[in-house]
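Presented below is the structure to which this report refers.
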Amino acid sequence: MERWGGLYVLILAIIVILGGADGQLQENFYAFTCPNVEFTVQQAVATKFSQTFVTIPATLRLFFHDCFVEGCDASVMIASPDGDAEKDFKDNLSLAGDGFDTVVKAKEAVEALCPGVVSCADILAIAARDVVVLVSTACYTPLVFFGFDIFLSLFTIRCILPVDLFVSFGENIQAGGPSYNVELGRRDGLISKASRVAGNLPEPNFNLIQLNTMFARHNLSQFDMIALSGAHTLGFSHCDRFANRIYSFTPSNPDPSLDPEYAKQLMGMCPQNVDPSIAINMDPVTPRTFDNEYYKNLVGGKGLFTSDQVLFTDESSQGTVNDFANNGFDFNGAFVTAMRKLGRVGVKTGDKGEIRLDCSRFNS
């Protein structure tokens, strides 16, 4: 009986190894080489989150920016002494350092457990899932903040979720957004150039056609795009990213698609020639909760970017926004599907790429 049991394990191991050799991602990729990788990443993410809430939006945004340039290969993590890596492009300069630090800390923990086995790209993908699950429904934050450290120390009551509670979400205990199984097997990219970023990230003034065109390049549909935009329920933006909507849409009036009262609030929080370090929440109602409030805001004319509000003002996407605004379960399901699809964009598998020992540097 023991002999047959051992043979079964051997056959299963061969299936797993061969399954990873055909270039396909799979949920159990590290079942035999690093079985505790997800648990380890979860602990590292929870520890980082206990230090700053910015961990959550920063990690989510980092994952998106990584996948849309060169694919999900951790190329955005590379630091170049010459300042010409992907992260050095102007659109990536606003990526919060806490997102990078989340991946670095998780990688260090995983390396101590399974040296040279798990890619930085996979760690980022796992962390992006984990931060969504971490979001507490009982947190408060003001609409405007002045730099992350000052913001956290002076203006907020932190939402610290004990590591033990978070780790137990594998037993269906969740504190925030939907959980899902992360497909793994990515390898880290060998290219990271600032010159390759231009034209590959959506701009805040994009219309629906421009958004759909960009997402379609990555096999993501309009439905996926609208679902992924829901991550803005946790996001923040610097004033210069939407100033045109309140000051220069016309010589004397803000964008008419903006709710008038919301436009006045934005002007108050982001006066002309404002300090560029000032940022505001993209969801003015529940900025620390992963929910469908973002879509309710769009219905009420409170989308911060043109590329947000257009999802409601354009008739071809309005129905999906209304559905998500009225049904959080529909949004959660669509978000999970879209995140899994996003995680497959441009992946390197098999003998492509490498397993970086340090996420910020190529191995050679």
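Glycine is no exception: its Cβ is also placed from the backbone N, Cα and C atoms.
Within Thr233, Thr250, Thr337, Thr349, the residue that TrEMBL lists together with Asp283, Thr286, Asp291 for binding Ca(2+) 2 is Thr233. Matching TrEMBL disulfide entries to the candidates Cys67, Cys72, Cys114 identifies the partner of Cys34 as Cys114. Cβ neighbour count for Glu86 (Ca(2+) 1 binding site) (all protein chains, 10 Å cutoff from its Cβ): 25. Around the Cβ of Cys114 (disulfide bond), the same chain contributes Tyr30, Thr33, Cys34, Val37, each under 8 angstroms and 6 or more positions distant in sequence.
Straight-line distance linking the Cα atoms of Asp283 (Ca(2+) 2 binding site) and His232 (heme b binding site), rounded to a whole number, equals 7 Å. Sequence-distant contacts (6 or more apart, same chain, Cβ under 8 Å) of Asp66 (Ca(2+) 1 binding site) comprise Cys72, Asp73, Ala74, Ser75, Val76, Met77, Ala121, Leu124. Here the domain 'Plant heme peroxidase family profile' (24-363) has a mean pLDDT of 89 out of 100.
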